[in-house]
Each structure stands twice: as structure tokens, then as C-alpha cells.
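Below you'll find the structure, written out as C-alpha cells, and then a few comments.
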């Protein structure tokens with residue numbers, strides 16, 4: 001039997017050094033945006049009961065979940081989604097909170113992906129949920145927060161595409177299509193496969209109601225600016241569908257009035273494979289990443305499965321994909337803190353330690369040298385990207401070597417601090 005102790009499972013990834021630093025900076029920046037937009041952070045457990053994701057409303061297909069058993073034989077999962085756990089927390093622990101409730105989170109989710117498809121099985125998501133209110137104001141708040149979040153990271157040329165879950169439901173509710181055919185229709189529209197869509201509709205046109213076949217056939221083509229709404233309205237008289245179209249129009253118009261219209265577009269062929277969405281749905285895209293970097297929408301019926309009938313809307317940002325996009329756009333910005341290595345003779349350990357602690361309070365990265373040999377200290381410092389070596393050697397002034405200029409000086413402590421603060 002092969003020993004796997006030097007490997008990691010498919011879809012997992014080790015994140016090292018600079019990449020780890022970049023990722024943590026992205027997460028911290030998103031937290032700041034949420035905090036100053038009035039959201040409160042919560043943390044849910046990595047392990048959840050399978051039943052949290054196995055309600056009447058489909059969240060994630062069960063075959064996409066990592067499952068295990070606890071000591072009592074109950075089925076657990078590594079959470080495959082953040083929204084359902086937040087629904088559970090809201091329904092069981094937040095009944096006495098002030099509503100509307102604005103929550104945010106950052107955490108890892110786990111999904112089984114096919115081998116060799118390039119997708120991660122562990123994904124970091126960061127997002128928000130607005131719970132306890134319906135209507136355009138919370139819809140707009142959620143989408144605007146998503147735009148602000150991506151802008152704060154320095155991301156360029158992204159688009160948030162708006163759709164409406166109720167539109168597809170309204171257009172198909174009277175067609176009495178079998179469940180398996182409905183799933184197939186969703187997939188065809190989602191993939192914008194015009195040829196397959198026409199063939200599919202031609203095959204069933206004699207069996208089902210022909211109402212709204214024209215607009216359904218055109219759904220994959222109905223994407224672009226606000227003008228798409230009027231075009232779609234001309235193709236249907238379905239009152240529920242018209243309401244969905246009006247809702248998208250009003251959301252788009254409000255965001256445009258704020259001055260963020262350049263970041264949004266409309267895609268009426270956006271059909272989600274997650275069943276709990278009930279209203280506006282949206283996805284964020286950028287050229288540098290193949291799939292969406294952000295997804296969200298309104299889900300007014302999910303939380304009732306956890307004991308509280310509350311409407312909600314939210315979104316999740318795929319932090320890993322955002323990091324890829326920022327790298328390709330060359331827009332990753334990291335505060336470059338100065339790095340100092342303090343070498344010392346054993347009898348000056350306390351003085352070296354005290355000076356290190358003092359420098360740390362000034363946000364200077366500082367460490368005591370684990371080495372004694374001067375050549376080894378220099379090699380170590382250069383490989384680690386140290387800016388200055390400071391030596392406690394017994395001299396009245398401290399030895400200072402600038403590794404960028406290769407200059408050496410003997411300075412007082414206050415002179416060194418002034419130098420490091422430049």
C-alpha cells in the first residue's frame with residue numbers, strides 16, 4: 001500500500017510565505033469594508049451535520065460534500081457552503097436580535113471536484129448576508145457592497161451581472177415539464193447553447209404549453225445593458241415574469257444613480273443550479289479568471305427550514321480566484337514593512353531582546369539571529385529579504401549594515417530608529 005505522507009489530497013493546496021501574506025491582506029481588507037458598512041462578523045464551525053444541507057431546498061448536491069461520521073454514527077460534512085450555516089445560526093440563536101440583521105464572514109468551504117479539472121476542493125469565501133428585509137433597498141445594498149469590496153482590493157475591469165431567479169420559474173411553472181427535463185433546460189440556458197435549446201424546445205413543443213416559448217428560446221441572448229429589459233418585456237405577457245423584469249430594472253437603475261452603473265450588466269439567461277434563490281441573483285466576472293469570482297442573490301425561503309421565516313440576500317467572494325485575478329492584473333499591493341535581524345553576543349541578549357521589542361511597537365519586522373557566524377548571518381539575511389542587520393557587539397554604538405546599499409555604520413539607538421522610519 002502506498003504511503004501518502006508526502007502528498008496532499010486532490011483539490012487541496014499548501015499556501016506559503018508571500019502568497020499567504022497576500023491572501024491574509026485580501027481577507028483583512030474585505031473585513032474592513034464589511035465592518036465600515038455596518039456588518040458584524042460571525043464564525044461558523046467547519047464541521048456541520050449533513051442535515052443542515054439536506055433540507056427540501058437544495059443547496060449543494062450531496063455528492064459534492066466531504067462526509068464523515070462522529071462517534072455516535074451521525075453523518076457530518078465539511079461545510080460546502082456558508083449560507084446554510086448562517087441560516088442555521090440565525091434561526092436558532094438570533095431570534096431576539098435587532099432586524100434587519102447585517103452579517104459578514106470569511107472562512108473555508110469544502111467541495112468535492114472532479115480530478116484534473118483545476119478546481120480547488122478547499123475554497124476561501126468572504127461575504128455578507130442581509131437578513132430580515134425584502135425589497136430593493138437591501139438588494140441594492142448587497143450589490144453595492146460587493147462592488148465596493150472588489151474596488152477596495154484594486155480589482156479592475158470586473159462586471160457584476162444581474163439576473164432574476166423568479167423569471168425562469170415564472171416562465172416554466174405552467175409548462176409541467178418533468179424535473180429531469182427542467183434541470184436539462186436550466187443547464188442548456190446556463191451554458192448559452194442556442195442550438196441545443198432550440199432542439200430541446202422543438203422536441204417538447206407538442207407536449208407542453210407553448211406560452212412563453214419565444215422568450216425562453218431567447219433567454220441566452222438576453223444580456224447586456226438596461227435596454228435588454230424592454231426587449232424581454234416585448235416577448236412575454238406573463239405577469240410574474242414582467243414583475244421579475246421590473247425588479248431587475250429598478251435595481252439596475254438605483255445602482256446606476258449611485259454612479260456605479262459601469263460595473264453592472266444584465267444577463268436574463270442566468271439560471272442558478274442552487275434552488276434556494278427566490279429573487280435577484282448576481283455573479284461577478286473578470287477576464288483573468290474563467291468562472292465567476294463572486295456570486296449571490298436573494299433567498300427568502302431558506303431560513304424558515306431552521307425555525308425562523310426571514311427573507312435574506314447576500315453574496316460570497318471567492319478569495320482564491322480574486323487573488324489570481326489581482327496577480328494577473330499586477331495590482332496586488334502589500335505594505336512593505338522593513339525587516340531587521342539583530343545579531344548579538346550572548347552577554348547582550350537582554351539588550352538585544354529589549355531593542356527588538358521596541359522596534360516591533362513601531363511596526364518593524366524584527367527577529368533575533370539564530371546564527372553566530374557572520375557569513376552565515378549575511379547569507380540567511382539576504383535569502384530572507386532582511387533590510388538591515390543590527391549587531392550588539394559590545395561597542396558603544398550599534399553595528400548597522402544596510403543590505404540594499406551594502407553600507408555599514410555605527411549608530412545610536414535613536415539614530416537607528418530614525419533610519420528605519422524613513
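Glycine is no exception: its Cβ is also placed from the backbone N, Cα and C atoms.
TrEMBL names 81, 82, 83, 125, 129, 276, 277 for binding L-histidine. Of 74, 111, the residue it gives for the same site is 111. Cβ environment of residue 82 (L-histidine binding site): 44, 105, 107, 109, 125, 127, 316 lie under 8 Å away, each six or more residues apart in the same chain.
Summarising the L-histidine site geometry, the residues cited as binding it (81, 82, 83, 111, 125, 129, 276, 277) extend over a maximum Cα to Cα distance of 21 Å. The binding-site residues in question are 83, 125, and the one with the fewest Cβ neighbours inside 10 Å is 125.
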